[in-house]
Amino acid sequence: MKHLLSTRDLSAASALRLLDVAEEMSAVGEREIKKLPALRGRTVVNLFFEDSTRTRISFEAAAKRLSADVINFAVKGSSVSKGESLKDTAQTLEAMSADAVVIRHPASGAPARLAASDWIDAAVINAGDGTHEHPTQALLDAFTLRRHWARIGGTPSAGTTLAGMKVLIVGDVLHSRVARSNVWLLTTLGAEVLLAGPPTLLPVGIGSWPCTVFYDLDEAIAQRPDAVMMLRLQAERMNAAFFPSTREYSRRWGFDDGRLALLDIMGLDDTVIMHPGPMNRGLEISAAADSPRSTILAQVRNGVSVRMAALYLLLSGDPHDDEPRDDETHSLPHDLPIPEGRTTR
Ligand code: CP
């Protein structure tokens, strides 16, 4: 694997390998010295054309825990605001010997364009492109779900899938790259995926997606999901009225106190509530965000381990890359060797 651009083209073997390595990385985070020398001498560039808190900071923390040098590039204050193109920006980074570029961009397909170009030779990681994909978010969500599936606090054994798990994704699917990446990844890992949202916020062609669609949230909850993933209502991507009012949206599609209590009444003791953040509190989610069912802060924490795994596997030239893509055997990199040279170049 040279780049990480989407979960749609990620095989089960590759996804499980990454989740297994992320478990090892998480163990590093429990140590007194939380650092590995694995990417010493490598340079990771965070190239963010859109705002971010969680993704940018956790990629920075992940790279630093692996001893890489990190350059944070934000569009505000850069020459992009003077009209510099993606190509010229990329070639500038190439001249600075970037080994990995973590890119967030408002245009769907921008990371793939960068990866396919001869502008830069670095590994490209998609940190969210338009409404297309956000693969590391889906991977950290899968990591969180896999731990939950192995019972909260447990460590899943290598190769554990999400077979038998039912995950309900709710809300603004139309504008959500998180929803798309999760639909592809969770189904690849064997989970059953349900989607619920107002028809105006579900994309054309959703009937061909590998999931069941509901137009009523309570009907979807009645399917007894193991996890409910609330999506952020993405007002910044809306150029029209998609629902009558925020009060109406919250009543029909918000995970409010009533729906939180409903899980107790239904005896769904182990159902967790997820949200990728940032949250619109009081709109798509309320007290559930702070309840014992919430995995929201665990998702943020797990993001560092998953992004360490992604950087490590892309920059170290994973010896398991030559295995058949759908091979169901997975082994852990017990000694996490320091990669020799720039093997991805
Ligand atoms: N979930 C997520 O991508 O959050 P940020 O926009 O804060 O990075």
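Yeah, the Cβs are placed from backbone N, Cα and C, and that goes for glycine too.
Quick look at what TrEMBL lists:
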BINDING   Arg54, Thr55, Arg104, His134, Gln137, Gly277, Pro278  carbamoyl phosphate binding site
BINDING   Lys82, Arg177, Arg232  L-aspartate binding site
COMPBIAS  319-333  compositional bias 'Basic and acidic residues'
DOMAIN    2-146  domain 'Aspartate/ornithine carbamoyltransferase carbamoyl-P binding'
DOMAIN    164-314  domain 'Aspartate/ornithine carbamoyltransferase Asp/Orn-binding'
Fewest other C-beta atoms within 10 angstroms of its own C-beta: which of the binding-site residues Lys82, Arg177 fits that? Lys82
List those of the binding-site residues Arg54, Thr55, Lys82, Gln137, Arg232, Gly277 whose Cβ lies under 6 Å from any atom of ligand 1, in sequence order, or write none if there are none. Arg54, Thr55, Gln137, Gly277
What three-state class does DSSP give Pro278 (carbamoyl phosphate binding site)? coil
Excluding near sequence neighbours, so keeping only residues 6 or more apart in the same chain, what lies with its CB under 8 A of His134 (carbamoyl phosphate binding site)? Thr55, Asn126, Ala127, Gly128, Arg177, Val178, Arg180, Ser181, Pro276
Please average pLDDT over the domain 'Aspartate/ornithine carbamoyltransferase Asp/Orn-binding' (164-314) for the predicted structure. 95
Nearest-integer angstrom distance between the alpha carbons (Cα) of Gln137 (carbamoyl phosphate binding site) and Lys82 (L-aspartate binding site): 31
With the carbamoyl phosphate site defined by Arg54, Thr55, Arg104, His134, Gln137, Gly277, Pro278, which remaining residues of that chain have Cβ atoms positioned within 8 Å of the Cβ centroid? Ser52, Thr53, Ala127, Gly128, Val178, Pro276
Just to be sure I understand the packing, how many Cβ atoms besides its own are within 10 Å of the Cβ of Gly277 (carbamoyl phosphate binding site)? 17
Given the binding-site residues Arg54, Arg104, Gly277, Pro278, which one's Cα is the least distant from that of Lys82 (L-aspartate binding site)? Arg104
Is it possible to list how many residues within the domain 'Aspartate/ornithine carbamoyltransferase carbamoyl-P binding' (2-146) are helical, extended or coil according to DSSP? 63 helix, 27 strand, 55 coil
Among the binding-site residues Arg54, Arg104, Gly277, Pro278, whose Cα is within 10 A of the Cα of Arg232 (L-aspartate binding site)? Gly277, Pro278
On the three-state reduction of DSSP, what should I expect for Arg177 (L-aspartate binding site)? helix
Give me the long-range Cβ neighbours of Arg104 (carbamoyl phosphate binding site): same chain, 6+ apart, Cβ under 8 Å, in sequence order. Leu47, Phe48, Phe49, Glu50, Ser52, Thr55, Arg56, Ala127, Gly128, Asp129
Need one number for the carbamoyl phosphate-binding residues Arg54, Thr55, Arg104, His134, Gln137, Gly277, Pro278: the maximum pairwise CA distance in Å, whole number please. 16
